[in-house]
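Per TrEMBL, the features are as follows:
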DOMAIN    6-374  domain 'SLC26A/SulP transporter'
TRANSMEM  12-29  transmembrane segment
TRANSMEM  35-52  transmembrane segment
TRANSMEM  83-104  transmembrane segment
TRANSMEM  156-180  transmembrane segment
TRANSMEM  192-210  transmembrane segment
TRANSMEM  252-269  transmembrane segment
TRANSMEM  290-313  transmembrane segment
TRANSMEM  333-362  transmembrane segment
TRANSMEM  383-414  transmembrane segment
BINDING   C571, D573, H623, C626  Zn(2+) binding site
Amino acid sequence: MNTQTLKYDVPAGIVVFLVALPLCLGIALASGAPLFSGVISGIIGGIVVGMASGSQTSVSGPAAGLAAVVLASITKLGAFDILLVAVLIAGFLQLAMGLMRAGFIANYVPSNVIKGLLAAIGILLILKQIPHAIGYDSNGDDASFAQANGENTFSVIANAFSMITPGAVVITAASLLVLLYWDRTPLKNVKLLPAPLFVVAMGILLNLAFNNFFPALQIEPAHLVDIPPIDTNNLGAYVQLPDLAHLANPDVWMVGFTIAIVASLETLLNIEAVDKIDPHKRETPPNRELLAQGVGNICAGFLGGLPVTSVIVRSSVNIQNDNRTKVSAVLHGILLLVSVVALSPLINMIPLSALAAILIVTGYKLTKTSLFRDMYLKGWSQFAPFIITILAIVFTDLLKGVLIGLAASLFFLLRSNFRNPFSIEQYRLHIGDVIKMELPNQVSFLNKATIKTALWEVPDGAKVLIDASNADYIDNDVLETIEDFRVSAAERNVRLNVIGLRDKYQMQDPIQFVPALDKETQNKLRPAEILQLLRDGNERFRSGRWTKKYYEQQVDATATGQHPMAVVVNCIDSRTSPEIIFDAGLGDLLTIRIAGNVISREIIGSLEIAHKLGAKLIVVKGHSSCGAVGLALQDEHAHSVEAITGKIRRAVAQCGCGSAHGAAPDKAALERVTRQNIQNSLADIIDGSEFLRGCVARGEMGLVGAYHDIAARTVDFGTPVTGADIARRHPSAAGAAA
């Protein structure tokens, strides 16, 4: 036990106790069981389950969701002590489920259903507490819509407004104001005095004031907490033992099995929901929780208690009162024990309207409008099961509502699998158009039909890439479909690549085409087409949709020769590799690196060699934050740096820029000079090589400048140099081109 956390856990435990006590009594009454059985379950849920559980937030006790099951079971079995045998059996079954690690079921409940459960509990808390808030205290406290007395949630509220108790309304209003504005007062800093505890004390004092000074507002005992009088000298009389003579009764086993299943499901759902709202995002071990619940129900069966589960209402109150450890849950159980033995006179002074205000605020926090907005923004497939879960829980009960929500979520999952289980996109590479199919994380037999349809609609002669990099599971039916397509594809001249398969799914000949240029494709490409391929490649780089490179196969394909489509004059900057920012492969680009992308006789010679290798586009690419341009702006010329900065200073002068020696250059000036330097390099190529000048003028080669914004990951291509541009600069070239 950490003394540092006690200042949080003690107040939280007290508030949970105050909320739990009337619920224990109400659930026992709704279950048709002795009133004290509900308190026994609350004590066991707090102390026994609280200590055995691995959860720091969950609080256990008698479950409203089991009230109808218990009521029907007592009627069927004929006596409460026979029901206790079924509770014993349920406890041992839960122990077995925990040992068999059945808690994994909790991981398969979708988050939209869990959030729907939380929101529904919030709505139910508000609806169920409205009667108490205005002073109408019927016995309709369980979470079901339909009550055993023929009433339902809304009819109880309607009846309540015809029987308003003014004093209860005053206490509720005052309590709500305190709870809602507590964080704006200095009292919020007193950790041992949480707002709910203050509200309970205020409710008692207000009612005492009504009794003495405002009799018209006095709250009758029927609207106060009511712990039955306990004879402390004969506590054993309140503990019922199970009638083990009925242990062989098959009906008892059936009831025990039912309680075990319902209680386990409710517990797993509750701990999943509680973990969602825990601000510290702690995780409850589900298998240990089943073991703890099993121990709790064995104790409940032996001591005369109702079935125990994790309870969302108490757990929510626990979290919202800033508990830190399970000490708060254990403390609430201890306080339940102490209260029935020694504190009943004080506890019976608490107005139910004060407790109702606490639960109404708890409900509001669970069902804020922001939750509905966030779920709506996630799309209809998330929002619809969320709303269906809420409505189903509100109009039936917790377990039925969750099962309906799960069915709705499954429907939308199946619908999604049938409609769009994968993504398909078509993009153009230098080797032609490629159709890419990206498989999802889980590829089941439900996806077979749509995958088969999409593959068999591929046109003859196409190149298809199936990317299974994200697929952790692929059903055998789908693998067979891909294998069948691979066979039929060969007959239609369709080439298929399958990448990213896990080792257990490997298939023969997964790579049938390699994106490496051959001589035939190189000859067909025109400069304008190559420029567009570079634009497309940069867009893939910018958006993070890089193509698979197949480096091993590309090395083999280019080992005996290369057929590049373009040559890039690029700065030496480590962040500007053309193959990466243009999403190109081995053998696609020739790269000439020189600081500041300036032009020299050696560079021009390399460009002429690039032409002889078949490259049809020259790209002069500068970039943002260029160090060489920055040095030129700072007038740096020491040692051999002058060979670079001297050429760039021409652009500095043209832009009218410049900095003091060593001073940091202005960002805008840096970009202007970089762009001008690119234009100067283009001019130097035109002026420096009659051969290249003629190639560009005749359209055999393209020549274009480009500015690479490193931060934005974009390349801004300028207007390609045309024959007319060259003719204006070199009139003699026009005749040569002709």
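If you go along the chain as it appears here, the first residue is 1 and each next one adds 1.
Every residue, even glycine, has its Cβ placed from backbone N, Cα and C.
Counting residues 6+ beyond its ends, the transmembrane segment (12-29) has Cβ neighbours under 8 Å at 35-39, 41-42, 46, 59, 61-64, 67, 139, 141-142, 194, 196-197, 200, 225-227, 306, 311, 313-314, 317-318, 321-323, 327-332, 335-336, 339, 347, 350, 352, 355, 358-359 in the same chain. Sequence-distant contacts of the transmembrane segment (35-52) (same chain, six or more residues past either end, CB-CB distance under 8 Å): 20-21, 23-29, 59-62, 80, 227-228, 230, 238-240, 288, 291-293, 295-296, 299-300, 303-308, 311, 326, 329-334, 336-337, 340. Here the binding-site residues are C571, C626; the one with the fewest Cβ atoms within 10 Å of its Cβ is C571.
The transmembrane segment (83-104) is in contact with the transmembrane segment (290-313), judged by 3+ CB-CB distances under 8 Å for residue pairs 6 or more apart in sequence. Secondary structure at C626 (Zn(2+) binding site), taken from DSSP and collapsed to helix, strand or coil, is coil. Between the transmembrane segment (290-313) and the stretches 192-210, 252-269, 333-362, 383-414, Cβ pairs under 8 Å are most numerous for 252-269. Across the candidate stretches 156-180, 192-210, 252-269, 383-414, the maximum count of CB pairs under 8 A to the transmembrane segment (333-362) is reached by 156-180.
Packing around D573 (Zn(2+) binding site) is summarised by its Cβ count: 20 other Cβ atoms lie within 10 angstroms of its Cβ, all protein chains included. The Cβ of H623 (Zn(2+) binding site) lies under 8 Å from the Cβ of C571, D573, R575, T576, T674, Y707, H708, D709, I710, each of which sits 6+ residues away along the same chain. For the Zn(2+) site, the Cβ centre of C571, D573, H623, C626 serves as reference, and the other residues of the chain with Cβ at most 8 Å from it are N570, I572, R575, T576, G596, N597, G622, S624, S625, G627, A628, V629, T674, H708.
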